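Record features, source TrEMBL:
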DOMAIN    1-148  domain 'UBC core'
ACT_SITE  C85  active site, glycyl thioester intermediate
REGION    150-185  region 'Disordered'
COMPBIAS  158-178  compositional bias 'Acidic residues'
Amino acid sequence: MSSPSKRREMDVMKLMMSDYNVETINDGLNEFNIEFHGPKESLYEGGVWKIRVELPDAYPYKSPSIGFVNKIFHPNVDEMSGSVCLDVINQSWSPMFDLLNIFEVFLPQLLLYPNPSDPLNGDAASLMMKDRKQYDQKVKEYCERYAKKENITKSTADEETDDDEDITDEETGSSDDEIAGHADP
């Protein structure tokens, strides 16, 4: 086994043996999801996110790709793709860092100290700079709506049909309660 593959295996095993719930994809160590909890004493406290991690072949010399699977309202996270704008991962990554650093230091720091001057989500950045109280409320609303345990335990099949999720019965003009025709009184 080459050194990068041993390191990949060791880093993933460290995550699995820690308090993180790791769900491998396609039975390999190159792609997996991690259950990530919002940091204590932050707007994101109580929130639970599924983080998608993809390790390149050159890991640890090349940084992993990480993204939020369920929605989060944050200036440095793209709302649609879940991509994260974090210098330490995107630009200044070093093989000295490991996967535990991402989940124990880098992501908690990102959520605790958003940087609205380098946004991936312009709406969140603008709101944060213009009306902090309204921004805080929107973060909490997103946590309530999208960052609960049940949001991350959906099967992969459900994730593939997420586009239909936002359509309500009212919008489609149908309801499970409606029955064709009416009973006689």
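A Cβ is built for glycine as well, from the same backbone N, Cα and C atoms used for every other residue.
All annotation found in TrEMBL is predicted automatically rather than curated by experts.
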Within the predicted model, mean pLDDT of the domain 'UBC core' (1-148): 93
Surrounding CB atoms that lie within 10 Å of the CB of the residue listed as 'active site, glycyl thioester intermediate', all protein chains: 17
Helix, strand and coil residues within the domain 'UBC core' (1-148) as assigned by DSSP: 57 helix, 24 strand, 67 coil
